[in-house]
Amino acid sequence: MASKDDERSILLTKDEQRHPYLSGNFAPIQKTTPLTPCTYTGHIPPDLKGGQYVRNGGNPVTNHDLGRDAHWFDGDGMLSGVLFRNTGEDGTTIQPEFVNQFLVTDVYAYARRGAGLDGENETSSNGSLRRPVLPSIATLVNPALGAFTVIWAVFRTLILVLVSHLFRSKYPIKKISVANTSVTYHDGRALALCESGPPLRFTLPDLETVGWFDGRSVENEPVHHGAAGMTGGFGGDGVFSFMREWTTAHPRVDPVTKELIAFHSIFVKPFCLYSILPDSNAKVPTTSPLTSPRFSMPVPGVSAPKMMHDFGVSRSHTVILDLPLTLDPRNLIRGVPVLSYDSRGPARYGVFPRYRPDLMRWFETSACVIFHTANCWDTATQPVESHSESPETSVNLLACRLTSASMVFSAGNLPTPAAEPVPPEYAEEEQCRLYYYSFPLIRHQWALSAISFEFPTLSPEHSMSEARYVYGCSTADASYTVALGKAAKITHLAKMDVSALIARGVERPPQPVRGQLGEDGACGAGAASELWIIDAVTMGSVVARVELPQREAVNKAEALVTGGKSHGKGLILVTGASSFVATPIIKLFIANGYYVRGQARSEGSAKRIHKVFPDAGDKLTIAIVPDITAEGAFDEAVRGVDGVIHTASPFVLDVNHFENDLLIPAIKGTNRVLESVHAHAPQVRRVVVTSSIAAILDPLKGLRPGYTYTEEDWNPVTYEQAAAGPGAIAYCGSKTFGERAAWDFVEQKKPNFTVSTVNPPMVYGPAEHDADINSLNTSTADIWRQFNGSQKEPGPTPFPAFVDVRDVAEAHFRAYEREQSGRYFATAGNFSFIDVAAILREAYPERADKIPDPALTAREESFKIDNSKTTEALGIQWRGLKESIVDTAKSLIALEKGELYRA
C-alpha cells in the first residue's frame, strides 16, 4: 500500500508549464487499492463471471520534477484490474471489484524504497530521487539535444545502477525493464512485459508481483519437478546475456499449440533473436516439432539495431518487421538521435516458417513505422503467373501502419523533425491506418479504411487464423500526431470487418486519390474512472458501466481478460449436458483437470445440470441452445472452447413422426455443431460424436445369430426405409445418418479438427443426472420396468449388447485425448433381459415379487460382438453386467424416493 505522502496531490504553480503527459488525466497515480467492490449500472454479461480484466501502463512513481523530459511510453508499470467475482448463494451474481498495484521491478523497488544507501529511505516522499532512474524516451529521441546531454542522461542511469549494488543495498538494479507495456498469459502464468527486459510474472486476481521469467522458471516461484538444475533461458551465458533477455512486449500465444513465440531486439549482431516456448500442459500436435524450448535463435538479415515493437505470427509462419526506425546508441557518433527514422529507407518484412528462422525470405516496400500488428494468418492460393495446380501458402498480415515516426516525437511533446525528401511517387500524407499485406510477393498492400486506427485487438481464440473482426482505437484526426503542448486523445472505438474489406479490395484494388485533406487542465482530487463493457457485436451500446473507486491515468495500456485461472487442460463443450450419458462425461472431464461448458435447451435444464454438480464452481458453465437443428445454433456456444463432445441426439423409439422426430434432429444436430466449430472455433482440434451400435447393426436382419459385428460394420438401411419406420428402424437410421454426416463433413470440408465417434449399445449403470422416475431415458426405463413390478416376464432383448455408462464416459474421454481419429465400438459384450432379471433377483430378494422370473422367457441366439480393436486402442477394462445392473438399481431406488443418486 502507498503511504500518505504517496497519495498526496502534486500541485503546480501558475509559472510551471504542464507537460501534457504529466498532467490532466495523464497525470501519474500514486495510490494503490486492494480488491474493492464497485457499484455499476446496466447488465454485466454472464460470460465475464469469474473472469478479470487487467490493464498495464506506465505510471512513474518518481514524479517530483514536473519540468523534466517525459514521454507517453515512460513510467513504472502499473497493473489495474476489475475482477468479476461470483457471489450469491447460487453463484450467479456478479460483483465487480477494482484492484491496482505497481509492478515491483528492480527499478521501481530502488526508486520507491531508497537511493541504495540505507535500503529503507522512502525516496518518493523525501524527494532524494526527483527524477526517474531511467532516462526518458523523449531525451533519447530529441534531435535538438546534443550528444553530451544524451550521454549524461544515460551515464546518470549507469551511476544509479552501480550505486544500487553498493553498500549491501537491499534493492540492486539487475534488470532495467519497467514492465509497463503489455500483459499476456502463458503456461499458467500471467506476465507483464516491456522490451527492455524479460517478462515479469504477477498473480491473479490480486496483481502481486512474483518475479522475472527467464523462459524456464520464475524468481520466487517454487521449482517444479524436473526443472531443478535446468540452465539456459532467454539470456543464456556471456557478456551480452543481459541484452539477449530483452523480450518483445508483444509475444504471441498460439491458441492451438499453446506455444509462446517471441523475439528479442538487441544492440549487437545478429540484432534480432527468436524464441519459442511450449506449454508444459499442452498436448503438442504431431505437426509441431517442438518438444522443448528453443531460445535465442538468430534471425538472419537484420543489418542494424531497430525499434522492433511487434511482429506477426500465423499458424505456420512468422513475420519480422525490419523498418527504417533505428534504435542504436552508435547513432550518437553519427550525430543523430539514438532513435532515428529514415524516410528514404525501405520497410522490410522477413517471412519464415515458425520453427526455421534460417529459411528467412525478405520483402521490401516503401518506408513506414508499425508499432502494432492486428493479426497474421495463412491461406492457400494459386501461384501467380504459374500453370501449376499446386497451391502455395500466402501469409497475410494486418498492421497499423504510420507513414512517419511523428507519433514517437509528439508522444514526448517534441516537434517532429523535418523528413528527408522522398520521390513524389512515394510521398504520403500523415496517417495511421490498418493496412493489409499479403506475402510472398507483396501481391497486396493497402489501407482497409481511411480512419485512423491503432492499438488493435481481436478474440484470442481467432488469432493466427482468418478472423473476421478486428477492434481498435481511433481519433478524430487522421493520425495520432498532435500539436505541441497537447496529448493524443482516443475519441472512438472501431470495429473492422476485415474479411469484407479485404475481399472488396481484392476484387477492386484501391487507386490513388488526390485532394483528400487530412481542454487541457488538472483533474480534481475526486475524479474517478469507469470500466465500460461494450457489446462487441453491435458496438452500439454500453451494456454496463463499472464505477471505479479512483481515477485511472490515460496511457498506452494493453489489457487482457482472463478467468483468473487458465481453463486447466482445456475448455470442453458437452452438448446434451443434462442427459444420462453426458453427466458422467462431464464428471470425468472435470475430474481430469478440464473445464466444461454444457449445452442445455432451456434455463430449466441448466438448473438441473448445476443441481447435479453443486461443487463444480466455475469449472462448469452452461450455454443455452434451444434448437440444436437451427442454422448457427452453436455459433456462440463453441467460441473459446478447446474441444467438443457431441452427445445430443434423441434416443426414443415411440415417436409421432420418424423423419421429423428422429432423422432430421440427428443429422442436422451433428452438422450444426461441426459447422459452428469450423466457422467460429479454429482452435478446436478434436470433436467426439456419440453414435450408437444402431449405426453398426443391420436392423433388417434381426438378431442375426452366427454373425460377429465389429467397428467396420455399417447399418445399410436407406433414408427412405428409416423414414417409413417402424420406430426401431427409424432410430437405427437416425444414428447411422447422424454419424455419416460427421464423417462426410470431415471429408468434404477438410476442417482443422478431427472427428472420432463412440458407438455404444444399450447403456446401463447409475443414473446420476437429474431425472424423474416417471420419465427415464430408454435404457434405464427398461431396467425400471424389470424392477418395479410392471413387467411380468423378462421379454425379448432387441439389442442384446450392453455397456456401462461410466465406461461410455471413459471411451469419450480417451477418444478425445487420443491423437488418432477413430470409430470406437464401446461395448462390454452380449446380454439378455433374462440375465438382468436373474441379477436383480439375486441382489434384491426383498423385491423378488416385482422382478420377472427369468424362466418365463426363452433365451434366443443372437449376433456376437468383437470390439478388440477399440479395447486395445482405448485401453478400457469394461465393467461386467452384474456391476452395471446393480448400480442401475441403486440409482433407481434413489430416484423412486425423489432423490439424486450420488455414486
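Note that Cβ sites are derived from N, Cα and C of the backbone, with glycine treated the same way.
Just so you know, TrEMBL annotations are computer predictions that nobody has curated.
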Can you match one of His264, His317, His372 to the Fe cation site that TrEMBL gives for His250, His309? His372
Quickly jot the same-chain residues contacting the transmembrane segment (144-167) by Cβ under 8 Å, restricted to those at least six beyond its ends, or write none. 106, 110, 115-117, 133-136, 173, 176, 329, 332, 335, 337-338, 414
Report, as a single number, how many Cβ atoms besides its own are within 10 Å of the Cβ of His309 (Fe cation binding site). 22
Neighbours of the Fe cation site His250, His309, His372: Cβ within 8 Å of the Cβ centroid, same chain, sequence order. Ser182, Thr248, Ala249, Asp310, Phe311, Ile370, Phe371, Thr373
